[in-house]
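Asks: The signal peptide annotation in Swiss-Prot covers 1-15 and rests on sequence analysis. Per Swiss-Prot, domain 'Peptidase A1' is recorded for 71-377. Annotation source Swiss-Prot lists N-linked glycosylation site at Asn74, Asn125. Feature annotation from Swiss-Prot assigns active site to Asp89, Asp270. Positions annotated as disulfide bond by Swiss-Prot, on the basis of similarity to another entry: Cys102-Cys107, Cys261-Cys265, Cys303-Cys337.
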Amino acid sequence: MKWLVLLGLVAFSECIFKIPLRRVKTMRKTLSGKNMLNDVLKEHPYRLPQISFRGSNLIIHPLRNIRDTFYVGNITIGTPPQEFQVLFDTGSSVLWVPSVLCNSSTCSIHVRFRHLQSSTFRTTNKTFWITYGAGTMKGVVAHDTVRIGDLVSIDQPFGLSMAEYGFHGRRFDGVLGLNYPRQSCCRPTPIFDKLKNQGAISEPVFAFYLSKDEQEGSVVMFGGVDHRYYKGELNWVPLVKADDWTIQVDRISMRREVIACSDGCDALLDTGASFIHGPGRLIDDIQKLIGSEPRDLKHYISCSAVNTLPSIIFTINGINYPVPAQAYILKGSTGHCYTAFRAKRVRTSTESWVLGDVFLRLYFSVFDRGNDRIGLAPAM
């Protein structure tokens, strides 16, 4: 039987598992400073991750945000614990970190898991690979104790990266996937599912508050919701299918004119994506409407446009979610401003979008596995 939403979702901070997040400088800014951005973006256009394999408490975990739009937090793996900085990602489902056996140049600049130093480690003969927009990793499935704040998952399956290609300038060690599990004979159980199954969290929900602050204030919470992080009421949106954090969008408009998604479209809410991604033709139309100019794989615009351009409104389940110009116009390290709209390079049979951190900073988001839906409300 579905659990009672009104009692289960609203909780007070003393009953919460809160995990702090940090906002880290994106690969884009790192590469811009090294004059490497254009080459990398041509080689690795945005696409969703593709993966192949051969209690009653609410935990709120802080995340960190450094200068741009990736939000990372700390976890530990092993006994004694080894600490890693990971991206909490609703667009993928696997937890992985680099192995000490990985000799790729990308692995060498990150914290690597030393399996021989953990008394609770065990390996398997299962291998896998994951392709993200920015690169590919290959690894093996292993098991060990994983801790997210006060949450503990014993004998948790996770990936150990043995080789990494791409990922230039990555500012986090690994990824903690929070999407639905993918059906495969060899795929490890996602950590959220294992925590849920072993009763470590009382309700099958997690939520994100992504602060606009450059460093502190962002959190991911497990097992319920702290209502102090949002204003008003949560508006619930059913998932398109109970296997992915994708919802239906009614339309996208500006100045009361529909500019995209005229017949409805799908949108993935992806904490692992920095921007708002959509079909190339429609993104180009939006860039023209707001007056941006393409240059070096970005669309630049006058910084003063934040004071004159209207909001772009995503209507979801009958509710309007404005994205103001102050959110979709970003200032780079050189002082020039550019837009937060990006074209998806992988074509799909239907119109689909990705609502990344530009959208999620504006709206507190609750991911409800118990009822296969997402809750949205204006963030505090």
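Just so it is clear, glycine is given a Cβ too, placed from its N, Cα and C backbone atoms.
Provide an account of the burial state, proximal residues and distances for the features listed.
Replies: Looking only at the domain 'Peptidase A1' (71-377), the predicted model's pLDDT averages out at 93.
Non-local contacts of Asn74 (N-linked glycosylation site) by the CB criterion (under 8 A, 6+ apart in sequence, same chain) comprise Pro20, Glu83, Phe84, Gln85, Val86.
Neighbours of Asp89 (active site), defined as other CB atoms within 10 A of its CB across all chains, total 24.
Within 10 Å of the C-beta of Cys102 (disulfide bond) we count 22 further C-beta atoms, all protein chains included.
Under 8 Å, Cβ to Cβ, and six or more positions away along its own chain, Asn125 (N-linked glycosylation site) finds Val140. Asn125 (N-linked glycosylation site) falls within a strand segment according to DSSP.
If you draw a 10 Å sphere around the CB of Cys261 (disulfide bond), it holds 23 other CB atoms from the protein chains shown.
According to DSSP, Asp270 (active site) sits in a coil region rather than a helix or strand.
The DSSP secondary structure for Cys337 (disulfide bond) is strand. Listed in sequence order, Tyr300, Ile301, Ser302, Cys303, Ala305, Val306, Ile329, Leu330, Lys331 are the same-chain residues at least 6 apart in sequence whose CB falls under 8 Å from the CB of Cys337 (disulfide bond).
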Asks: Should Asn74 (N-linked glycosylation site) be counted as helix, strand, or coil on the basis of DSSP?
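Replies: Looking at the DSSP assignment, Asn74 (N-linked glycosylation site) belongs to a strand.
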Asks: Within 10 Å of Asp89 (active site) (Cα to Cα), which of the recorded positions Cys102, Cys107, Cys261, Cys265, Asp270 do you find?
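Replies: Matched recorded positions: Asp270, sequence order.
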Asks: Looking at the disulfide-bonded residues Cys107, Cys265, Cys303, which one has the fewest other Cβ atoms within 10 Å of its own Cβ?
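Replies: Across Cys107, Cys265, Cys303, these disulfide-bonded residues, the one with fewest Cβ atoms within 10 Å is Cys303.
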Asks: Name the one residue among Cys261, Cys265, Asp270 whose Cα is closest in three-dimensional space to that of Cys107 (disulfide bond); these are the recorded positions.
Replies: Asp270
Asks: Fill in the CA-CA distance, Cys265 (disulfide bond) to Cys102 (disulfide bond), as an integer in Å.
Replies: 41
Asks: Where does Cys102 (disulfide bond) sit in the DSSP three-state scheme?
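Replies: Note: Cys102 (disulfide bond) is coil by DSSP, not helix or strand.
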Asks: What is the interatomic distance between the Cα atoms of Asp270 (active site) and Cys261 (disulfide bond), given in whole Å?
Replies: 18
